[in-house]
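Over in TrEMBL, the protein carries these features:
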- 96: active site, electrophile (ACT_SITE)
- 168: active site, proton acceptor (ACT_SITE)
- 10, 11, 12, 174, 214, 235, 236: substrate binding site (BINDING)
Ligand SMILES: O=C[C@H](O)COP(=O)(O)O
């Protein structure tokens, strides 16, 4: 398998620029070889300048937690994907369940954002995942497949080969309840099969799929041992340098 694992911290609404600099200074010389594991921090927009300055010249990839689908205009409070690229970002997380839930983002918004991100030479991390209610009704596969189809609509096979999909069951986010590695693998496999149906085998083999939801040093190895899990999108356990380093160095 030629997919490079990708472990990403999603800092959500935590950390300020000073804490960002301190964090990056503490981790930047202890990160794994990027050909073995890609290490990524996605930070709040107000921290991105500090993040890029601190990460300069290191193996740390950097990204934003969200952006808008227009590059510029009268959109008060939004973040331009064009400017994110100019700032040196590599990735943008889109479609996180917190964005879908609290900020009413739709599948259509997420698809537009994915296109804008590619148009600016960045890579999206597209989040998907079901609620507890949907899982209890055993409708999680249909739900996630529909999210993926909507998010990828109109993207080329080449684009899909280079993006990252993060499967994050909402009931496992910040709750301490990790999906079992078998549950996580089952859905990541379904997502890969969906990409194969929509595109082709090669694209499905190339796309990287992360699991997110209470990933921590204690469970990262088990999750990463699964064939269709190529990484983790990590909230709480990415906020401390020691914990982040344990996650990205899970192969040691
Ligand atoms: O994007 C990250 C996820 O929402 C997971 O957060 P968590 O690791 O705190 O459960």
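Our numbering is plain: 1 for the first residue shown, then up by one each step along the chain.
The backbone N, Cα and C atoms fix where each Cβ goes, and this holds for glycine too.
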Additional residues surrounding substrate, by Cβ distance to the 10, 11, 12, 174, 214, 235, 236 centre under 8 Å: 173, 234, 237, 238, 239
Distance, residue 168 (active site, proton acceptor) to residue 235 (substrate binding site) (CA atoms, angstrom): 11
DSSP three-state assignment for residue 236 (substrate binding site): helix
The residue listed as 'active site, proton acceptor' and residue 12 (substrate binding site), distance between Cα atoms, whole Å: 14
Where residue 10 (substrate binding site) falls in three-state DSSP terms: strand
Neighbour count (Cβ, 10 Å) for residue 11 (substrate binding site): 21
Listed binding-site residues (174, 236), ranked by Cβ neighbours within 10 Å, top entry: 236
Nearest-integer angstrom distance between the alpha carbons (Cα) of residue 236 (substrate binding site) and the residue listed as 'active site, electrophile': 15
Residue 168 (active site, proton acceptor) and residue 214 (substrate binding site), distance between Cα atoms, whole Å: 9
Pairwise C-alpha maximum, in angstrom, for the residues (10, 11, 12, 174, 214, 235, 236) that bind substrate according to the record: 14
Residue 214 (substrate binding site) CB neighbourhood, other CB atoms within 10 A: 22
